[in-house]
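Colleague: Could you have a look at this structure, given as structure tokens, before my questions?
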Amino acid sequence: MSIASPGAARDAASLMAARKIAISTGGGDAPGLNAVIRAATLGALERGWEVWGIRQGYRGLLDDAPDGLIRLDRERVRGIAHLGGTILGTANRGDPFHYPTPGEHGLVPRDRSEDLVRRFRAEGFDALISVGGDGSMRIAHQLLQRGLPLVIGVPKTIDNDVCCTDLTFGFDTAVSIATEALDRLHTTTEAHERIMVVEVMGRHAGWIALNAGIAGGADAILIPEIPFRFEAIAEKIRLRESRGRRFSIVVAAEGAYAQGGELIIKDAGDAFRRTAVLGGVAERVAKELAARTGKEARSMVLGHLQRGGGPTTADRLLALRFGAAAARCLVEDCGSGMVALRSNRIELVPLEEVAGKTKTVPLDSDTVVTAREMGLCFGDEAPGHFVAP
Ligand code: F6P
């Protein structure tokens with residue numbers, strides 16, 4: 001559903017009773033969260049509503065902390081659009097359906113969703129703006145079914161893996177940081193005539209690795225969507241050697257894995273955080289390539305650097321557009337949904353279409369084709385594919 005013009009929104013707003021809305025930011029942070037908070041808050045204040053921020057995901061509603069809810073006024077959201085992190089804090093062990101609760105032998109997961117809905121209503125909130133990734137959209141959808149009156153989701157993640165939106169904010173920043181790292185690693189890797197394997201984030205999607213790998217001039221890109229063969233990458237490196245290029249750069253998405261192999265996991269998660277933390281593929285690939293080519297190989301993990309600091313201009317703008325659209329949706333009474341970018345228009349998509357899905361890299365996408373046409377290796381090439389011109 002497309003969201004109507006601001007003019008129409010203002011007319012509708014004047015007909016509506018004052019609203020009280022809450023904003024929460026959940027899951028891993030992403031550059032641009034504060035820009036969403038600012039735009040959504042200003043959009044709501046302009047319409048005469050009251051805005052509150054929920055601290056640390058939903059903790060501010062579920063724990064009895066005195067500062068669990070923060071009143072958001074113009075002063076509170078002044079000068080924050082360019083800042084990283086989130087002024088509300090976030091949590092990735094705060095799923096209200098599996099909430100960490102003290103039990104006899106330590107913390108146990110408990111379904112606190114009804115407590116959350118009760119407190120939300122008791123505070124007099126009319127609507128929630130939930131800023132998060134796929135997990136947060138699933139939770140938002142479940143909360144609606146539990147009786148939350150109205151939820152507008154705003155898709156956030158550096159991984160760009162939320163379904164039904166062309167882009168999430170945070171992604172452009174992560175790609176820019178990874179690309180800059182690749183630019184820097186080129187000089188040192190070439191000086192030492194080494195192989196450098198760089199691990200980037202992205203969970204089960206290869207968007208960051210693919211985009212940064214192409215922009216940063218990597219020689220091989222390993223993504224979860226294309227299981228790789230070690231020998232295919234080694235062959236690419238030997239081909240480069242034969243052309244006098246004595247160094248090679250490989251970008252590996254943390255979720256990439258070898259054909260017939262398995263995902264490399266750093267931490268399997270627990271009863272509260274039910275998604276595994278991935279990590280270690282770069283080290284594994286570097287060892288294998290050193291053994292197969294006889295060259296010195298190093299690995300490095302870019303890690304949380306990709307999420308730290310302020311958003312790029314593109315992310316800041318997208319986050320501001322999403323935040324303003326979230327408040328606009330409430331005026332239009334569009335019902336619940338997630339704001340999404342589609343062909344450069346902001347639309348509202350049903351939460352049930354988003355919940356529980358992952359947007360991965362399509363293998364026939366222009367970006368993948370571009371990389372292949374430039375001779376980049378994905379590690380799936382057939383033996384003998386690399387023929388020197
Ligand atoms: O989803 C964002 C993300 O940064 C992933 O790319 C990564 O796998 C994960 O979060 C890391 O989570 P944490 O911040 O808990 O280490």
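Glycine too: its Cβ is placed from the backbone N, Cα and C atoms.
So TrEMBL lists these for the protein:
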DOMAIN    20-329  domain 'Phosphofructokinase'
BINDING   Gly28, Arg93, Gly94, Gly133, Asp134, Gly135, Ser136  ATP binding site
BINDING   Asp134  Mg(2+) binding site
SITE      Gly135  site 'Important for substrate specificity'
BINDING   Thr157, Ile158, Asp159, Arg194, Met201, Gly202, Arg203, Glu254, Arg298, His304, Leu305, Gln306, Arg307  substrate binding site
ACT_SITE  Asp159  active site, proton acceptor
Colleague: Let me make sure I understand the span of the ATP site: among Gly28, Arg93, Gly94, Gly133, Asp134, Gly135, Ser136, what is the greatest distance between any two Cα atoms, in Å?
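Modeller: Those residues reach a largest Cα separation of 15 Å.
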Colleague: Where the criterion is a Cβ under 6 Å from an atom of ligand 1, which of the binding-site residues Arg93, Gly94, Asp134, Gly135, Ser136, Arg298 meet it?
Modeller: none
Colleague: Compute the C-alpha separation of Gly28 (ATP binding site) from Arg298 (substrate binding site), stating it in Å without decimals.
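Modeller: That comes out at 28 Å between the alpha carbons.
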Colleague: Please compute the mean pLDDT of the model over the domain 'Phosphofructokinase' (20-329).
Modeller: 97
Colleague: If H, G and I count as helix, E and B as strand, and all else as coil, what does DSSP give for Asp134 (ATP binding site)?
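Modeller: Where Asp134 (ATP binding site) sits, the three-state DSSP reduction gives helix.
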Colleague: Counting only residues 6+ away in sequence within the same chain, which have a CB under 8 Å from the CB of Ser136 (ATP binding site)?
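Modeller: Result: Gly26, Gly27, Ser130, Gly153, Lys156.
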Colleague: Cα-Cα separation of Arg298 (substrate binding site) and Gly135 (ATP binding site), in Å?
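Modeller: Taking the Cα atoms only, Arg298 (substrate binding site) lies 34 Å from Gly135 (ATP binding site).
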